[in-house]
Amino acid sequence: MNLQNWLHLPIFLFLVYLLWRYAQHSESLRTFFWVSLGLKLSAGLLLGYLYLEYLGGGDTWVYHKQAVEVKNSAQLNGSQYLRLLLFNEIGDIPIGFAKWPQYSNSFFFVKLLSLLYFLTGSSYWASSLYLSLFSFWGCCFLVQQIQKYFPVYHTSADIVFLLFPSVVFWTSGVVKDSLFMGSLCLTVGLFIQLYNAINSMEAVKKLILYVPLIYLLWRVKFFLAAVLLVLLGALLVTKWMARQFPNLRSKTRRFLIWCGILGILAFVASFTHPTFNLGFFVEHILWNYRNIVAASDPASPLLSFPDLQPTLWSVAAHAPSAIFQMLTRPFIWESAPFFYKLMAVENLLLLLLTLLTVVHLVRRRQVPAVPSFLAVLLVFFCVSAVLVTLPTPNLGSLHRYRAPLLPFLFMVVLAWGPVPGWLHQWQKRRS
């Protein structure tokens, strides 16, 4: 076995140690740390094994082969490799996904993976551990911020970000969603800190940290990054205006200001990227939907939006159906392969958790108030769910794409239900 595959191990263990030290500041993270870390690292390895042995390799092994070729070429022509990293100049380096290098997240991912392969000796399995660890770090950071600023939601955040099966599995290993989950959670966590910053100097320090994270988030999934930045950016401006002008501090006025700023930022964003043009965007949704339907296996269940048209009104009209189907399909009774049955079981679990919460709220006859920041994250979930679901009728792909989004909804669903109370009682009995 190549010795280089093991030389990086002290670095990996040191990173785990630093993360463990960080987790000591949070009681819940201390409790779940080793279990959740073990699940995360194992999930990344399991994902690679399942794709290699049973699913024909898939994207994850395509990225591996591409990154190995890029790394080998870099050893022969270092200057060209540097130009590839900095300026997307391909030259004679054999890298795929290069038709639109400035837009392709797969192209960007292969570049980053090739860098990681210099550390791990081109080991797929070792690189899987690092990417899973990055995703886990982001989740831990966000969970800690939620515990600090929204303590009512910390138990549910622990469960959905660190322990929920599909979230753990699909955001681990050598896949783009590992980077997406890590950068998404780190960005949201820093936004929470910025939202609660006491003075301008503290806010400036947070803004400096945003730059690399926002760049990473943007390069991995720019359309979801744009949604998040516009929504949270509008919230920050709204809070600043409410501080400056006391007569704007009522909830109704702050909501109206947020909506107005949101409209302005969305309008400005439409000029920052060609794909944010509204006409192009809705046409691309329909184009992608039709192409995936045409290319999909008829034996596998698909989402159906037969009346979808390339207009904003049609997309808005299909939004409730898109969110509902993303959360519930495939149904447990649908005829489908074994993997889809596992998805259906998880959907059934989500439905039961939701019903538990509804019954709990009906009995209490009271709906808790949602903090403004978490309310905006719920809006982010809804908008992102529509943008992910409508162009992705293939349920296998959709199940993977929805995984980083689910925690932002079910953190609230679980917190409003009886589950946190049950866990608290169980912990008291144990102690």
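Sequential numbering from 1, following the chain as shown.
Just so it is clear, glycine is given a Cβ too, placed from its N, Cα and C backbone atoms.
Annotated transmembrane segment per TrEMBL: 6-23, 32-52, 152-172, 179-198, 218-242, 254-272, 338-361, 373-393, 405-423, in sequence order.
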Selected stretch (most C-beta pairs under 8 A with the transmembrane segment (152-172)) from 6-23, 32-52, 179-198, 254-272, 405-423: 405-423
Distal contacts, the transmembrane segment (338-361) - CB-CB under 8 A, six or more residues away: 165-166, 300-301, 327-332, 367, 395-396, 399, 406, 410, 413-414, 416-419
Annotated stretches the transmembrane segment (218-242) and the transmembrane segment (6-23) touching (3 or more Cβ pairs under 8 Å): no
Positions on the same chain near the transmembrane segment (405-423), where near means CB under 8 A and six or more residues out: 146, 152-153, 155-157, 159-161, 164, 166-167, 350, 353-354, 356-357, 360-361, 367-368, 370, 374, 377-378, 380-381, 384-385, 388
Non-local residues, at least 6 beyond the ends, that sit with Cβ under 8 Å of the transmembrane segment (373-393): 149-150, 153, 188, 191-192, 195, 223-224, 227-228, 231-232, 235, 284-286, 288-289, 292-293, 296, 302-305, 308, 315, 318-319, 322-323, 325-326, 401-402, 405, 408-409, 411-412
Cβ-Cβ under 8 Å with the transmembrane segment (179-198): same-chain residues at least 6 beyond its ends: 109, 112, 131, 134-139, 141-142, 144-146, 149, 161, 171, 206-207, 209-210, 213-214, 216-217, 220-221, 224, 228, 232, 235-236, 239, 373, 377, 403-404
